[in-house]
């Protein structure tokens with residue numbers, strides 16, 4: 001049985017993952033509107049991945065005898081700048097999510113819930129990849145400049 005404290009913390013993370021999903025969907029819509037179909041595709045995939053995290057966390061709570069729930073999800077921004085600015089925002093957002101996941105691991109450790117720690121370590125590892133991927137895209141966009149932005153757009157469309 002999962003503790004109420006840990007259940008509540010993971011439920012908060014479920015809402016955060018759903019907000020992240022909406023954030024990436026908003027970015028996808030923006031890129032579609034701006035004619036960057038590859039960036040839009042990448043963001044849609046990212047949105048689906050974040051929603052998958054929310055489902056996985058909800059399933060985990062239920063398997064542990066807890067109650068999964070979705071709290072209010074705040075509205076996400078809709079106005080974005082250049083592709084570089086958007087991906088810099090993505091990188092900062094992923095760093096924020098990493099801190100949230102790290103805090104969950106700390107709560108699981110304090111609750112002496114090894115099963116939940118094990119479950120959450122998968123997300124810790126994934127966040128390392130998410131940050132590296134976002135930083136890599138930022139770096140590519142900076143190196144490519146305006147002339148290479150459509151090449152990067154086409155690359156990300158192959159995700």
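Think of each number as a place in line: the chain as shown, counted from 1.
Positions of Cβ are set from backbone N, Cα and C atoms, glycine also.
17 is the residue from 17, 32, 85 that Swiss-Prot records in the Fe cation 1 site together with 50, 53. Neighbour list (residue 17 (Fe cation 1 binding site), Cβ cut-off 8 Å, at least 6 residues apart, same chain): 50, 51, 53, 54, 57. Cβ proximity to the Fe cation 2 site centre (mean Cβ of 50, 94, 127, cutoff 8 Å) flags the following additional same-chain residues: 20, 53, 93, 97, 98, 126, 130, 131. Cβ neighbour count for residue 94 (Fe cation 2 binding site): 20 (other Cβ atoms within 10 Å of its Cβ, all protein chains included). The binding-site residues in question are 50, 127, and the one with the fewest Cβ neighbours inside 10 Å is 127.
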